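See structure below.
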């Protein structure tokens, strides 16, 4: 009898403990569900090379703890890969121009750099890249300074040459140091195509502060083959942040060299606007890479892009830069209203001029985005 009572007590104790654990799990789930309701979901979209992943990294630097040493070190092979890939692009591009261009002679690599170029092109075509040594850096520097490579670099818009090229080529000695650890600037400029989805949680006024919203920002792949993965993120989004590389009006896609990047961006922007799940979603348009745009517009006319063929320059210098920027901005405004259903006109639409590499600009922009979305929430709650 005593044994039966003992077993019964142990059973009751175990059952009580199990019930307590279940109740605790349910309580935590309820708390997490409530917490989730206060987290605003932001979707970071844009075509490939729009700079959205740089924006994402800036958020980590600005509103979180940044990159620790282990994370910085993890970018070392990425930086070195960018260097090798870029030199291969320029070397192979110069050979192509030397074969096909009327003024072919200026694209012929000098005799002393010919073998170096072939060697570096072979390395750039590998799946695994060697660590950048002082010897390799010296060879890369030699071919980078070759007149033919500089002529080719001047036509970089035709070759998918990345924005980080000049920066990394001017820092080869530092990048090849045996104790090299990437800096935050190196990380911001390092190019890795986003595949799949990455996310980050942050508050523009500090995590967990009562006065500030908490956001979860999702960055998804920008290349065409990545876009089918977006759909499961669409529901419940507070805002779409759509990035446009306004400097790339004269460039073609990485995945389709017959397609102008700006035309692709226009079509993507209009496609996103027409998605039913975004009818009530706020849109924040980041006209990004303004730093590159303001230099390029003085040399490359805006009307080389089919969408901007009606553009007429009015001046030179800073006045022309502003005129060209306002023209592009107006084009996107027109595109927005033409692609927006009449019953969606009450959703918020804002345009911001951005340079993803400029931390002050990004910080100021996200503070403005935060203010806009908080006012929207108050309006929807009937408090404004």
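Start at 1 and count along the chain as shown; that gives each residue its number.
The backbone N, Cα and C atoms fix where each Cβ goes, glycine too.
Summarising the annotation, Swiss-Prot assigns GTP binding site to 49, 50, 51, 52, 53, 54, 163, 188, 194, 222, 288, 289, 291, 356. Under the three-state DSSP scheme, residue 194 (GTP binding site) falls in the coil class.
The Cβ neighbour count for residue 53 (GTP binding site), using a 10 Å radius over every protein chain in view, is 25. The Mg(2+) binding site annotation in Swiss-Prot covers 53, 194, and the record cites similarity to another entry as its basis.
Taken from Swiss-Prot, the feature N-myristoyl glycine covers 2, and the record attributes it to similarity to another entry.
According to Swiss-Prot, the S-palmitoyl cysteine annotation covers 5.
Nonlocal intrachain contacts for the region 'G1 motif' (41-54), taken as residues 6+ away from its ends with a CB within less than 8 angstroms of a stretch CB, comprise 162, 188-189, 192-194, 215-223, 230, 233-234, 236-245, 248, 253-255, 261, 264-265, 268, 272, 286, 288-289, 354, 356-357. The region 'G1 motif' feature in Swiss-Prot is assigned to 41-54.
Counting residues 6+ beyond its ends, the region 'G2 motif' (186-194) has Cβ neighbours under 8 Å at 48, 52-54, 57-58, 61, 67, 71-72, 75, 78-79, 82, 162-164, 167-168, 171, 175, 219-223, 226, 356-357 in the same chain. Here Swiss-Prot flags 186-194 as region 'G2 motif'.
Taken from Swiss-Prot, the feature region 'G5 motif' applies to 354-359. Mean model confidence of the region 'G5 motif' (354-359) amounts to 96 (pLDDT, 0 to 100 scale).
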Reduced DSSP assignment, residue 291 (GTP binding site): helix
Winner by Cβ contact number (other Cβ atoms within 10 Å) across the binding-site residues 194, 288: 288
